[in-house]
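Below is one structure; the comments refer to it alone.
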Amino acid sequence: MPLSTSLLGKKSTYKDSYDVTLLFKIPRINNRNELGINSNNLPFYGVDVWNTYELSCLNKNGKPWVGVGTFYIPTDSENIVESKSFKLYLNSFNNFVVESVKELERIILQDLSNVTHAKVTGRIFPINTKVEFGVPSGKNIDDLDIVCNNYGAPDNSLIEYEDVLVEEEINSNLLKSNCLVTGQPDWGTIVIKYKGKKLKHDSFLKYLISFRNCNEFAEQCAERIFTDIKNAISPDFLSISIVYTRRGGIDICPYRSTDKSYTLPSDKRFIRQ
C-alpha cells in the first residue's frame, strides 16, 4: 500500500480493541535503492531500537496495567514499521484483556516479526523501573564556531577530511530532520565512532545541520549518514547511533556498524528522552 492511500498523516480514530492490521509496513529496499545500498549485501549490521512509553492493557479482572517497552528490529529486516501506525497499534491494546505481561510481550513481538519479516526481539518493563540518564560518548562538536547556510537537502559535499589516520568518537545534539509522512520534526543526538581518515569536525557539523529541513524516516537518515561517511573516507571501522526524542510516545534509535560483532551503546536515556 503506498503512503498516499494509507491513514498516515491523516486524522485517525483510535481503535478500542486489539487490531494487528493497524501496523503499516514500509519496504526498506525503496529508500536503500535511493542511497545505492544493495539490500542483498548490506554494508552494515545493526538494529533499530524502538522505545515505547505509552503501553497499556487490561488484566483478567479488567484493571489497567501500564508499562514501557523496548523492541529491536534488525537492520536486515525486509520492512520497517511506520511509527504512527505502531502508536495506533499499541493503543489498540488499551481495552484488551491480556493474561499476563509476558503474553502481551509475546503478541507484540510476534506481530512485529510478521510485519517486518524478521526476528524482532524486545522486552516490556513495569512502569516503576529505575532509569538513569547518561550522556553521549565521545567528543561533542556542537560548540564549533561555524557559518551555516544549507538547510534544504543533506549535502555530502560538505564532508571534508584530513589525510591522517585516526580512531575517534564524536557526537552532536544538532541533528534534526522531519518525518516523511507528517512533516513533524525529529530531533536526534548522533554518536559516530570510526577508524580512518580524520573527519574535519567543522565541515562535518555543517553536513549534519544540512539535514535540518530534510523529509526522511529516521532509519533512512541514519543510513544516509553512514553511507556518506563511508563513501567519503572509506574507514576501516564505522559505527553510528542516533537517539531520537520521543514523538507520539515512541522514540526510534537506529544503530549501524561495519562490525558484525557490534555491541549496542549504553541503554541509558539522554536528557531529551
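The backbone N, Cα and C atoms fix where each Cβ goes, glycine too.
Taken from Swiss-Prot, the feature substrate binding site covers V81, E82, S83, A218, E219, and the record attributes it to sequence analysis. Annotation comment: Swiss-Prot describes S83, K84, R247, G248 as NADPH binding site, evidence class sequence analysis. What Swiss-Prot lists as active site, thioimide intermediate is C179, and the listing cites sequence analysis. Taken from Swiss-Prot, the feature active site, proton donor applies to D186.
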Pairwise CA distance, E219 (substrate binding site) versus C179 (active site, thioimide intermediate), rounded so that it is a whole Å: 11
Spatial neighbours of R247 (NADPH binding site), counting only the recorded positions E82, S83, D186, A218 and Cα distances within 10 Å: S83, D186
Distance from C179 (active site, thioimide intermediate) back to V81 (substrate binding site), taken between C-alpha atoms, in Å: 13
Inter-residue Cα distance where the pair is S83 (substrate binding site) and G248 (NADPH binding site), in Å: 8
Beyond the site residues V81, E82, S83, A218, E219: chain residues whose C-beta lies within 8 Å of the centroid, for substrate: I26, D48, I80, F86, F217, I252
Three-class DSSP secondary structure - E219 (substrate binding site): helix
In three-state DSSP terms, the structure that V81 (substrate binding site) belongs to: strand
Neighbours of S83, K84, R247, G248 excl. site residues, C-beta within 8 Å of centre, NADPH: F86, K87, C179, T182, Q184, G249, I250
